[in-house]
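Undergrad: Dropping the structure in here first, questions after.
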Amino acid sequence: MRSMMLAALALLAVNAQANPDLAKAKNCTACHAVSSKLVGPAFKDIAAKYAAEKGADKKLALKIQKGGSGVWGAIPMPPNPQVSEAEAATLAKWVLSLK
């Protein structure tokens with residue numbers, strides 16, 4: 001039991017480090033940066049906007065995959081079919097964890 005707990009914690013630590021790499025690999029960083037607006041809003045601004053919203057992780061994961069418009073201005077976010085459901089969930093949780 002203890003070894004399973006340690007393995008799970010190690011996996012969480014690896015995932016926390018891998019999320020910026022996943023964002024880069026999935027081309028999120030072509031339009032977003034952690035602290036500054038590019039084409040799209042900064043990841044930290046997204047985190048601040050949705051910080052108190054219940055279910056924000058699921059909402060953002062869906063937007064990551066399907067795209068969206070009208071929330072951050074006139075430029076729509078395109079859909080990202082190359083991002084799996086699990087990857088979208090990981091990215092959404094990472095974005096929401098930023099302060």
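Note that Cβ sites are derived from N, Cα and C of the backbone, with glycine treated the same way.
Pulled these features from TrEMBL for this protein:
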- C28, H32, M77: heme c binding site (BINDING)
- 14-99: domain 'Cytochrome c' (DOMAIN)
- 1-18: signal peptide (SIGNAL)
Undergrad: Among C28, H32, M77, listed as contacts of heme c, what is the widest Cα spread in Å, to the nearest whole number?
TA: 11
Undergrad: Just counting, how many other CB atoms are there within 10 A of the CB of C28 (heme c binding site)?
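TA: Its Cβ has 21 other Cβ atoms within 10 Å.
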Undergrad: Looking at the domain 'Cytochrome c' (14-99) alone, can you tell me the average pLDDT?
TA: 93
Undergrad: How many other Cβ atoms sit within 10 Å of the Cβ of M77 (heme c binding site)?
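TA: Excluding its own Cβ, the number within 10 Å is 19.
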Undergrad: Identify all same-chain residues not among C28, H32, M77 whose C-beta atom falls within 8 angstroms of the centroid of the heme c site's C-beta atoms; report them in sequence order.
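TA: Nearby residues not in the site list: A23, T29, A30, C31, G40, I64.
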